[in-house]
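Engineer: Sharing a structure here in structure tokens format.
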Amino acid sequence: MLTFGGIPGPHPEKARASLIPVPLEETVCYRSGTSLGPAAIVMASCQMELYDEVLMTQPIDQGILTLPAVDVRGGSEKALARIEEAVAKELEAGRLPAMIGGEHTITLGALRALTSKRGADFTVLVLDAHLDLRESYEGTELSHACVMKRALDLGLDVRHLGARSCSAPEAALVKEKGLKPMWAHMIRKNPDWINTSLSGIQGPVYLSLDLDGLDPSCLAATGTPEPGGLYWHELTDWLLAVAEKHEIIGLDVVELAPLAGQAVSDFTAARLLYRALGLALGCRPL
Ligand SMILES: [Mn+2]
């Protein structure tokens, strides 16, 4: 089995984090291919330098285990039950769970595992072009377009970064619930956007990184690309600030839908996952 970073994984007892590939593709509504995302990310990661020049260290030395992919056959609800079980097992073993998607719905499985273990004492920080706050979409409440509404239903606080696409009912819900998305168009107008995006958040966070939050010029291979997203260094600066202020209790990188002949998206996704994981494991620039 191919492992993240292309080197043999640590003994499970020495690992501090686990990568959980989840190739779920059930409710994708535009460009397909997200079931191929996890394998493409792991494969691209084998070409990365393992030294991170921003973190000034090798995050892989913290012990990063690559697990076999979760069985996602049989529909979203069955897949979510298996995801929840897989994440719960990692939490029980004291390893940080990091899922590689797959469509955004998979985040719900991790949030269910985390809330059953510790309650809703954390905030979901979500990079995403979309709010994913629909009550239901195309006949299911388990659509990728509803996943952050399901997070709210679990009693969790949700804070968006990079949003630039939403429906009228979603905008009404933002108002009703007093949510504070950091809209993509506000980032370039507010020099203090990082602090604003994290203002008022207390305690631990779960990081959900939908790759379409990035600008399509950085990463185009995603199911529903939207113009005007975050650039690479902006995202790194935000991640550094998040890790500085908050414990990261789990993360996911979702919605890569690889494009044949285009390596940059897969590689960017692998590097983002590696950097976020390094920060979650305590790696910091000197
Ligand atoms: Mn999205």
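Here the Cβ of each residue, glycine as well, is placed from N, Cα and C on the backbone.
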Engineer: Which one of HIS104, HIS185 goes with ASP128, HIS130, ASP132, ASP210, ASP212 at the Mn(2+) site, as TrEMBL has it?
Structural biologist: HIS104
Engineer: Are there any residues in the same chain, six or more apart in sequence, whose C-beta is under 8 angstroms from the C-beta of ASP128 (Mn(2+) binding site), and if so which?
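Structural biologist: Spatial neighbours, sequence-distant, of ASP128 (Mn(2+) binding site): HIS104, MET148, HIS160, LEU161, GLY162, ALA163, SER208, ASP210, ASP212, GLY213.
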Engineer: Of these binding-site residues, HIS104, HIS130, which scores lowest on Cβ atoms within 10 Å?
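Structural biologist: Candidates: the binding-site residues HIS104, HIS130. Fewest Cβ atoms within 10 Å: HIS130.
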Engineer: Can you list, in sequence order, the residues of the same chain other than HIS104, ASP128, HIS130, ASP132, ASP210, ASP212 whose CB lies within 8 Å of the CB centroid of the Mn(2+) site?
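Structural biologist: Residues close to the Mn(2+) site, other than HIS104, ASP128, HIS130, ASP132, ASP210, ASP212: VAL126, LEU127, ALA129, LEU131, HIS144, VAL147, GLY213, THR224, VAL254, GLU255.
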